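Trainee: Take this structure, written in structure tokens, and hold onto it; I'll ask about it next.
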Amino acid sequence: MYPESTTDSPARLSLRQTGSPGMIYSARYGSPKRQLQFYRNLGKSGLRVSCLGLGTWVTFGGQITDEMAEQLMTLAYDNGINLFDTAEVYAAGKAEVVLGNIIKKKGWRRSSLVITTKIFWGGKAETERGLSRKHIIEGLKASLERLQLDYVDVVFANRPDPNTPMEETVRAMTHVINQGMAMYWGTSRWSSMEIMEAYSVARQFNLIPPICEQAEYHMFQREKVEVQLPELFHKIGVGAMTWSPLACGIVSGKYDGGIPPYSRASLKGYQWLKDKILSEEGRRQQAKLKEFQAIAERLGCTLPQLAIAWCLRNEGVSSVLLGASNADQLLENIGAIQVLPKLSSSIIHEIDGILGNKPYSKKDYRS
């Protein structure tokens, strides 16, 4: 794991007392409180991101109305969240359109926002997907048009592309940065070996290496973020931006009694999630949630807040992306920040005992 408190930690922490916008109030989650918001460096870059970000997968341009999307973004921004993540493939580009319209309407300073998008699946034509120089440049241009922005802060390669030479991808990412279309680039769903290859190519040809990997991370999926990415951080400075802290809602407990209507697992095209929940492994996970519920009650928080705080306790995580379909959900999730200081080493040990899936690095085996 990462050292507890070094300036080299990928998530160098700072607290900002947010002013009037940082006032959080919900009768359900307690009295009005001035929110202390964490900011962390994205990997070893100088880019400061809120430790919670708002993702737009499934929700923006799809599951929720544009009015609800605006409400969620406003709530996030007012509570110090500066990171908003999308992708060219989300709702076939509509998520980017909705996000861009809201930014324009609200009149927020562009310099106060960190906007990230992902490139890989752009359209039906053979040349409209992948990580070729052609698609990276054309895809990002199209994304910027939908977002109505001059640049994104981070452009991610949304998955590895075995059909494109790594040098071509790294050169194209360097080009879009040099052209002012993006500030940084990162990877998503890449293996450690692929990220390392991109870094080596960048160093060999004096190009720009990636600063961050977007990875799935929650109580039931730990290996990559807890073992592989820390090694990459120490070697080449790549940080972790994580998604699905509630395992697509499984950890929220809402699937305890089956698949409720209007939930993500009930949506068309999400049969894989339904199958996952109803599988033998899914049932085992549901059983463990009852034990986590008892811990959450002891800490005076909800199960989703405990799960998100658990992700945040990992200093290797620069930011955790949240998905929410209504204001109450988002407010509850933001409240995880107040649970973070309550996660003592004994509580973490207790959670590890219930999960029984703590991954071990090579270093642990040697010791």
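Quick reminder: no glycine exception, Cβ is built from N, Cα and C everywhere.
So Swiss-Prot says this about it:
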- Tyr90: active site, proton donor/acceptor (ACT_SITE)
- 56-57, Gln63, Asp85, Asn158, 188-189, Gln214, 243-248, Lys254, Tyr262, Arg264, Gly323, Ser325, Gln329, 332-333: NADP(+) binding site (BINDING)
Trainee: Identify, in sequence order, the residues in the chain of Thr56 (NADP(+) binding site) that are 6 or more apart from it along the sequence and have a CB within less than 8 Å of its CB; answer 'none' if there are none.
Mentor: Ala69, Phe84, Asp85, Thr86, Ala87, Tyr90, Ala95, Val98, Leu99, Gly323
Trainee: What is the number of other Cβ atoms found within 10 Å of the Cβ of Ser325 (NADP(+) binding site)?
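Mentor: Here the count is 19.
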Trainee: How many neighbouring Cβ atoms, not counting its own, are there within 10 Å of the Cβ of Ser244 (NADP(+) binding site)?
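Mentor: I get 22 for this one.
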Trainee: Could you tally the C-beta atoms, other than its own, that fall within 10 angstroms of the C-beta of Asp85 (NADP(+) binding site)?
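Mentor: Within a 10 Å radius of the Cβ of Asp85 (NADP(+) binding site) lie 28 other Cβ atoms.
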Trainee: To which of the binding-site residues Arg189, Ala247, Asn333 does the lowest count of other Cβ atoms within 10 Å belong?
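Mentor: With the binding-site residues Arg189, Ala247, Asn333, fewest surrounding Cβ atoms within 10 Å: Arg189.
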Trainee: Per DSSP, Asn333 (NADP(+) binding site) is which: helix, strand or coil?
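Mentor: Assignment for Asn333 (NADP(+) binding site) reads helix.
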